[in-house]
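See structure below.
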């Protein structure tokens with residue numbers, strides 16, 4: 001009873017698999033039920049009526065059972081020799097299919113009440129129609145479906161909802177998996193004996209995001225810590241050289257983003273799926289490996305950034321009486337990230353993103369204000385160079401690091417109501433962020449010259465309470481953003497390494513937990529090693545991890561006939 005007709009259907013979006021996640025399963029009912037007579041009879045057929053309030057939710061369970069069995073009507077099937085579609089009702093509220101879903105009668109009553117004239121009118125004159133309050137979902141089942149897709153992010157397939165006889169594989173789905181077994185079919189898979197491969201959900205559907213919403217998401221994906229590294233990068237490259245190269249990086253990045261979008265319009269799937277469809281599983285793994293490497297590099301850079309800023313904050317607040325080594329600051333963050341890495345649902349990390357956006361915005365506004373005030377107070381710009389021949393290469397890696405946001409290009413395009421308008425939205429955002437990056441880097445370098453710190457916030461007066469507050473809030477913003485950067489890398493690697501679900505096997509779940517702990521500690525160890533040269537470390541991440549993702553793979557996928565991988 002899912003959506004038929006894809007984007008052309010007006011039927012409610014109801015996904016039985018998502019709805020089933022919210023229902024009590026037989027094994028959960030046996031484990032959680034405290035009544036002896038029910039719990040002891042584990043061999044009997046499970047009935048939702050045994051649950052507390054089972055008579056109220058019975059319709060939902062029956063709907064899920066019917067959808068799973070492929071028979072949504074509990075009556076003998078009549079002959080198919082004559083088939084005539086049911087006539088379209090005059091009013092949506094009188095549609096029998098709408099009323100028949102669980103809770104349909106009550107929902108129909110609410111619709112009628114919302115559209116009826118004012119109660120209590122005794123005269124026969126017609127009144128102006130009341131305002132219709134839009135119901136966000138057309139049924140309770142659709143509400144459960146939408147809630148099950150909260151945050152709109154599904155990295156491959158969540159194996160925490162697999163059945164006990166299913167396994168997950170990150171390899172592309174082969175239609176032969178859906179066919180009846182034949183004489184040449186393998187009796188048992190050597191790696192997953194006795195279990196069947198789970199079919200991934202079809203992609204597509206209608207997005208709900210407007211152009212404004214997509215613009216805000218793009219801004220969030222590009223504006224982070226990179227803008228605070230740019231002033232030091234301008235020092236490494238020189239004012240004129242850095243400005244020209246940053247413009248060139250912006251134009252080239254936009255071109256490669258558009259190539260990826262055009263390829264996505266031809267081939268359904270994620271970044272890695274497109275590579276797998278064109279060049280096979282090895283190309284897919286190369287792309288996913290680059291994504292993992294870049295995300296882990298971002299996490300390590302974020303850890304060092306937060307450690308340096310918190311160290312300066314403690315030193316300023318204590319009036320230079322308390323000095324905490326960077327390495328201890330890294331260990332303190334490790335204690336925070338270890339439990340956060342166990343979160344399986346990215347939607348639960350949504351609050352951290354919202355708080356981080358507000359803090360980053362406040363930090364940028366104050367940075368602009370103080371840069372201009374510094375230039376005015378000193379009567380002009382500081383000592384700047386047009387080109388720095390000794391360290392110009394470091395600027396290129398930092399500039400690429402700043403524009404890395406390709407991982408969110410495809411998800412944001414898919415979320416739009418009108419995906420064909422995405423290139424225009426992307427062009428506008430690229431112009432805006434280029435102006436922000438150029439102005440932030442040039443202004444700060446002009447204000448502080450050769451004294452520009454790796455993180456420009458450290459150039460602000462440390463005895464100013466407001467500066468201390470901005471420093472702390474920006475550090476907190478990046479600290480809260482770090483789990484979101486780590487989440488994709490964890491999920492991609494888990495999907496490659498683990499095929500079994502931890503939902504039914506505590507041993508598998510704890511193996512996954514230990515693996516997540518191991519990844520967090522690896523990031524902390526890398527941050528520990530790169531803490532002394534943060535600008536060089538950021539440039540290395542941009543050059544080594546981001547260059548293939550932005551400038552190599554999109555061109556390669558757009559023109560697959562150039563050479564064979």
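Keep in mind that glycine also has a Cβ here, set from the backbone N, Cα and C atoms.
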Transmembrane segment per TrEMBL - which of 182-207, 468-493: 468-493
Annotated stretch (region 'Disordered', per TrEMBL) among the listed ranges 18-40, 41-63, 110-132: 110-132
Residues flagged as transmembrane segment in TrEMBL, choosing from 153-171, 267-285, 286-304: 286-304
Stretch with greatest number of CB pairs under 8 Å, the transmembrane segment (514-531) reference, 240-261, 424-448, 468-493, 537-555 candidates: 468-493
Top Cβ-contact partner of the transmembrane segment (468-493) among 324-342, 390-412, 537-555 (pairs under 8 Å): 324-342
Highest-contact recorded stretch vs the transmembrane segment (424-448), from 216-234, 286-304, 324-342, 390-412, 537-555, CB pairs under 8 Å: 216-234
Considering the transmembrane segment (324-342), which listed stretch of 216-234, 286-304, 390-412 counts the most C-beta pairs under 8 Å: 286-304
